[in-house]
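Colleague: Sequence annotations record features per position, and here Swiss-Prot assigns substrate binding site to 26, 27, 28, 29, 82, 83, 84, 85, 95, 96, 97, 98, 122 based on sequence analysis. What Swiss-Prot lists as active site, proton acceptor is 104, and the listing cites sequence analysis.
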C-alpha cells in the first residue's frame, strides 16, 4: 500500500514546474508528494513556493527546505495536490480524515488546478463508506451533535490519542457523520452549509477534474 501511495506522489510531482505556487496537501499520500518536491528542490534546483494545508505539512516542508507562504500572501495557487478518503464515480470526494479539511478546502478553492492522489481502494460508486467530517465551532457543538443524531447521521466526536475531543489547527472540534450511502452529496453539503455553528465539512463536490490512481496495474489518471 505504501508503495502505491509513493507512486502517485511521485507522478503528481511531475506536474510541478519552477515558478509555481504549489498547494501542499495533508495525509500519508500527500506526504510522498511533498517528499518528492523536496528532493527536486534539493537535487534539481526546482524553484517553487509552497502553501500548506496543516501544521503537519508545514513542518515536513520546512524540514525539506521548501519555501513557504501563507494563502493570504499569494495572488493564487497554481496547483494543489492532495489525497482523498473516498471518491465517487463523478469525482466528488470525502476528505478530512487527517482533520485538515478546512485549510485543505480553502487552499483548493483558490487553486487554478487541483489534483487528488489515491490508491484504488479509495474509489467507490457512491460516497458513504468513509465518515463525513464536519468541523464545528466549539460553542454550541453539543447542540449540533444532537441535531445530527435527530437526522440519523450517527455522529461521533473525533478524538485525539488521549481520548479527548480533537482540536483542529483552527481550534475547532470535528464531528464525524456515519452515513451508509450518500445518494446526493450536493444536497447533503447544502444542508450542512446552512447549519449554524458548522465551519466546514469534508464533502468536496465538483472540485477536481483529475485524479491520479495507483493500483495493481500501475498508475492511471482519471479525468473529467
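Every residue, even glycine, has its Cβ placed from backbone N, Cα and C.
It should be emphasised that the depicted structure is a prediction, and the values quoted were computed from it without experimental measurement.
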Colleague: Pop the Cα-Cα gap between residue 104 (active site, proton acceptor) and residue 82 (substrate binding site) into the table, whole Å please.
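Modeller: Each residue's Cα considered, residue 82 (substrate binding site) and residue 104 (active site, proton acceptor) end up 8 Å apart.
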Colleague: Among 26, 27, 28, 29, 82, 83, 84, 85, 95, 96, 97, 98, 122, the annotated substrate contacts, find the widest CA pair distance and round it to a whole Å.
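Modeller: Looking at 26, 27, 28, 29, 82, 83, 84, 85, 95, 96, 97, 98, 122 as a set, their Cα atoms extend up to 16 Å apart.
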Colleague: Could you work out which of the binding-site residues (26, 28) has its C-beta surrounded by the smallest number of other C-beta atoms within 10 A?
Modeller: 28
Colleague: As a test of the contact definition, list every same-chain residue at least 6 positions from residue 122 (substrate binding site) whose Cβ is closer than 8 Å to its Cβ.
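Modeller: 84, 85, 86, 87, 213 - these are the non-local Cβ neighbours of residue 122 (substrate binding site), listed in sequence order.
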Colleague: Check each residue in the chain of residue 104 (active site, proton acceptor) that is at least six apart in sequence and keep those whose C-beta is under 8 Å from its C-beta; list them in sequence order.
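Modeller: Those within reach of residue 104 (active site, proton acceptor), by Cβ under 8 Å and sequence separation of 6 or more, are 25, 26, 53, 54, 82, 95, 96.
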Colleague: To test your reading of the substrate site: which residues beyond 26, 27, 28, 29, 82, 83, 84, 85, 95, 96, 97, 98, 122, same chain only, put their Cβ within 8 Å of the Cβ centroid of those residues?
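Modeller: Along the chain, the qualifying residues are 25, 30.
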Colleague: Three states by DSSP: which one describes residue 97 (substrate binding site)?
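Modeller: Reduced to three states, the DSSP call for residue 97 (substrate binding site) is coil.
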Colleague: Name the secondary structure element type, per DSSP in three states, that contains residue 82 (substrate binding site).
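Modeller: It is in a strand.
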